[in-house]
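What follows is a set of notes on a single structure, which appears directly below.
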Amino acid sequence: MKLNPGQNDAVHYVSGPCLVLAGAGSGKTRVIINKIAYLVEKCGYQARHIAAVTFTNKAAREMKERVSQSMGRKQARGLWISTFHTLGLEIVKREHKVLGLKPGFSLFDDQDTFALLKELTQDELDEDKDLIKALAAAISNWKGALVIPQQAIKTAKDEQSILFAHLYQRYAQQMKAYNALDFDDLILIPTLLLRMNEEVRGRWQQRIQYLLVDEYQDTNTSQYELVKLLVGERARFTVVGDDDQSIYSWRGAKPQNLVLLGKDFPKLKLIKLEQNYRSSQRILRCANILIANNPHVYDKSLFSELAYGEPLKVLFAANEEQEAERVVAEIIKHKFMGKTQFGDYAILYRGNHQSRLLERALMTNRIPYKLSGGTSFFARAEIKDIMAYLKLVVNPDDDNALLRVINLPKRGIGPATLERLGNYANDKKISLFAAIFEAELNHYIAPGAMKSLYEFGKFIVDTGEMATRGDPVEAIKVLIRKINYEDYLYETSTSAKAAEMRMKNISELYRWVTEMLQGDELDEPMTLPEVITRLTLRDMMERNNEEEGGDQVQLMTLHASKGLEFPYVFMVGTEERILPHQSSIDEDNVEEERRLAYVGITRAQKELWFMLCRERRQFGETMRCEPSRFLMELPQDDLVWETRKVVQSEQQRVEKGKANIANLREMFKK
DNA sequence: GAACTAGACGTTTTT
DNA sequence: CGTCTAGTTC
């Protein structure tokens, strides 16, 4: 397929900074891929000097695959295609010496951070979950804005900010002591390092000679700063973005960074991609008219040359159960009428909890579906247990990991022993693990407990030796066996079935780790520390999801749908308080919700349905629902609103069908 | 180990 | 209202 003029310009403009304003479905990924190939094949860049950055692992992976397909695996070798966080991790890893980090540092996920903050702030926040979460959010915001603790303390105004700023400082100190980093550090630390250290900066600018950034509207302050530092004076970069699809402001993303770019780089070349290759003209017209209600930095008018297409449908249901059943009924009907597959349908919703009823309806109708997002595999206790062991093996100073597993299985190391160990370590300013091996410790701790501690410490050291000197795969196998984890699961699980499930999860984890240690066609073999940090960044989960990819209806949040496309899309819960969400209405941030609706609409290629309820239960209380204001903003001549009469007859049909099934079941029983 | 109960808690979006 | 947890009972 040939590039259109805009795409062509975007690919071939390589002499300076370039901003590609790419509307939904305008082929931006194609531009990036072609541009990488162009840089390597025609401009003489070596693959290893080009970096492309995305926001999700899924996008990075997809890009990697498409690039190797288009220019050949050999040529693509050495390209840096990763998320911002993975790139940051890479910089931290290679510069750990300058940063004063020991190799094998730990990466804390949100749960680890929460646990640490809880521990750290017992006196101040009294284990108040909401407060700790607020603190975690505040710290994350500070880090995203490149504010270090001292600055936070200086600028804090109200009482709570002052307290939080001091706790931020304490948290940062503690993380340093643990030799641990959190997600935000993966951007913050490289950025500060590059800013302050000219030598390191020069080295990385030499290393990354051309930088491409996808979904640029999602960058926050620290990410933008990192981009600036990496590209330096030469400013050889291309960023691709769409301010209308900026839906992560709550995570610190600043669409204004698109404007700032023009100020920071006066020679910035602006290229617009306005032809949409995805959606019917009707769908696109609706999307355009909706988003015209928002203010715009750059004007952009998307057009499509595809068919005008079917009208968009607005379907009513009495309540949320019927809404879910209705969606399923429509999918079955529609699939029967056209030659479509389940995989052609997507159901999009505002909040994760909305998936529950949809799942139930799909399941009872035996429709295969795939749910993206939701509770992570890595949040499961059994996975966290084994991961904690592995983290500890790699970084014994990770107190968090140590506390999780030191008495798992029971080793006779109780709270009293741990408190004394903790006090000792605190006094000496060493890690818990290091304290175990201090000769003086036996003054404070009973001989029995002392022996257990020492045995535990030795076990971790031995496993570490085996993992580094010998075969890491074997080491993990031995680890799981030696701690009798299977027995532990059967003892602690609420049922034998549950224990089996958990053990299966462990086997799954083991399989992944093994695969990553050994590598495959697309990825080099990794070391154990690399595997652990990767898994903490949730890389594997997404890969696994892709592998399943059968013929399944897709369920996901509107946020998670960004960047994807589907022939037939259902948007459920298009009601006031849901989309736009109540909290956004309260906070006067309806514009972002409108962009979210815009993202949802522009996912659809051929047909689109809006679902809404007349009433909906919330915490046991029944609430009446109003159609979303966004539905009112759409061009009504492109919509078909279902009339009440149809609603009733459709409802009756569904009820009747259900009664029939029930009857059949009864008959079957007898 | 399973099956039950009471009681608290909750719904924004995620790298 | 539904889900999760801790605690109880058999």
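Each residue's number is its place along the chain shown, starting with 1.
Each Cβ is built from the backbone N, Cα and C atoms, and glycine gets one as well.
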Record says A:Ala22, A:Gly23, A:Ala24, A:Gly25, A:Ser26, A:Gly27, A:Lys28, A:Thr29 bind ATP. Source is TrEMBL. Which of A:Arg278, A:Arg282, A:Arg285 does it list for that same site? A:Arg278
What is the Cβ neighbour count of A:Ser26 (ATP binding site) at a 10 Å cut-off, with all protein chains included? 27
Of all the binding-site residues given, A:Ala22, A:Ala24, which residue's CB has the most CB neighbours within 10 A? A:Ala22
When you measure from the Cβ of A:Lys28 (ATP binding site), how many other Cβ atoms are you left with inside 10 Å? 22
What does DSSP call A:Ala24 (ATP binding site) in the simple three-state scheme? coil
Give the number of CB atoms, excluding that of A:Arg278 (ATP binding site) itself, located within 10 Å of its CB. 22
